[in-house]
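Here Swiss-Prot flags D304, D308 as Mg(2+) 2 binding site, drawing on similarity to another entry. Per Swiss-Prot, the feature Mg(2+) 1 binding site maps to D304, D308; the stated evidence is similarity to another entry. The Mg(2+) 3 binding site annotation in Swiss-Prot covers E455. Taken from Swiss-Prot, the feature motif 'DDXXD motif' applies to 304-308.
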Amino acid sequence: MENQSLTFVGDEEAKVRKSTKFHPSIWGDYFIQNSSLSHAEESTQRMIKRVEELKVQVKSMFKDTSDILQLMNLIDSIQMLGLDYHFENEIDKALRLINEVDDKSYGLYETSLRFRLLRQHGNHVSTDIFNKFKGDNGSFISSLNGDAKGLLSLYNASYLGTHGETILDEAKSFAKPQLISLLSELEQSLAAQVTLFLELPLHKRVKILLVRKYILIYQEGAMRNNVLLEFAKLNFNLLQSLYQEELKKISIWWYDLALAKSLSFTRDRIVECYYWVLTLYFDPQYSHSRLIYSKVISLVSIMDDIYDNYGTLEECRQLTEAIKRWKPQAIDSLPEYLKYFYLKLLKTFEEIGEELEHNEKYRMLYLQDQIKAIAVAYLEEAKWSIERHVPSLDEHLHYSLITSGCSLVPCASYVGMGEVATKEVFDWHSSFPKAVEACCAIGRILNDITSYEREQGRGDNASTVESYMKDHGTNEKDACKKLQEIVEKAWKDLNQESLNQKNISRLIIERLVNFSRSMEEIYMSNDMYTNSGTKMKGNITLVLVEAFPV
């Protein structure tokens, strides 16, 4: 729960201070002190050895599987179980075969699965393949109504649509009510999948949390492959051990930084920040990237609270000017409580830069520009709050797409990604292309829809919900519905850009898609970052605390 109040620290409007008290960290130093989290060295080495043995067996499955449907099911299972980064070459080779196959004889399940697998990997596949499932009246044929497996496959495929692909919109509207009506009749494993993806479709799900949940579903299925199941559990446990080591390092850094203690009005959420990082990339190769990224977003979270929850307008102006200068000498113009934060911000960026290779250090300049841009936009929103100004939706989005952090945060995720993050990537991102704009729209609007009542109750600046209501003279319910439509359009933009990009690596585009997925999860029912004692705690426990018994 939050406690809100307004404090007047002077007579001028610019000196009104909001005071919002967030609940303290629910984790404390758990990931620093709890030595029982990690597996013993001997146990870890046994798991690593067994994983290598199982990897050989799975590679043999690719070689020995000539049936295309079996190959598609193998790839789908491997991806859902979080094993795909072990078999990138095998999957790419298999997808080339799948792309060439004649699918005219395929049923609903096979057609939808092929479409989804190919689209997920950036292949253009025509939606005309679904026309054979429609009758003369233009609707999907009624004989499909009882095919739960096929309907679920169609439902998940429909979320990879782009603009103009109306048949996928129709497929979504057709499949969802049918799945709901069939749910009580399904066997346990399929029912669990339907429930999971009706709550949030596959394309919008965070990978590492999906993997953790899907392993439990997969082990109950009659068609499970025990080699894949054992591999998935061991692999997850090894990943979890790595994550726990990383989180211990970042937690020690956070407590040494002491910002949560000195700025007690901010959200103390380092564990949640790290979990957020995992939603963008969970592969072991990105360990260094995750440490960099965690530091950046934890500092941005503090900035957000300074501008949004505590700082007076004059203090926000002073901080913005200091950040624009980006020099230690700029602290002279800051109030005491901001001097420490400002120096820690500069020092952290300097330390990150020192960790980079010589030919990568330029990346920090792009990240600094992102910080400066978000500070300017935060200041504008602070003015709206003080003045009780409700901007038009267009004016709102001009600033709030930046303050959503959905441009800065993915940019930060590129910094430690090695050779794939070229200067061209940073130039492309800085130009605010459609893929970045779509990512920002998804994050901004989902945040506003979920947080509207809470933030209005404490006197925050107007959200996009209020701006839409003012522009169109409508109520909150209708405004949220229309804004949700904008989110769906943004997803189609992102899907389109995922297919169209030729000069930007798919690994970069995946960061934007994954960040958008994290927004869908965090704002599914409430702001799980701010109110982290709710569903967020359970998700973190699943991913970072509870290992699979093996």
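From the backbone N, Cα and C atoms, a Cβ is placed for every residue, glycine too.
Counting every protein chain shown, the number of other Cβ atoms lying within 10 Å of the Cβ of D308 (Mg(2+) 2 binding site) is 19. Note: the motif 'DDXXD motif' (304-308) comprises 5 helix, 0 strand, 0 coil (DSSP; helix = H, G, I, strand = E, B).
Confidence for the motif 'DDXXD motif' (304-308), expressed as mean pLDDT, is 94.
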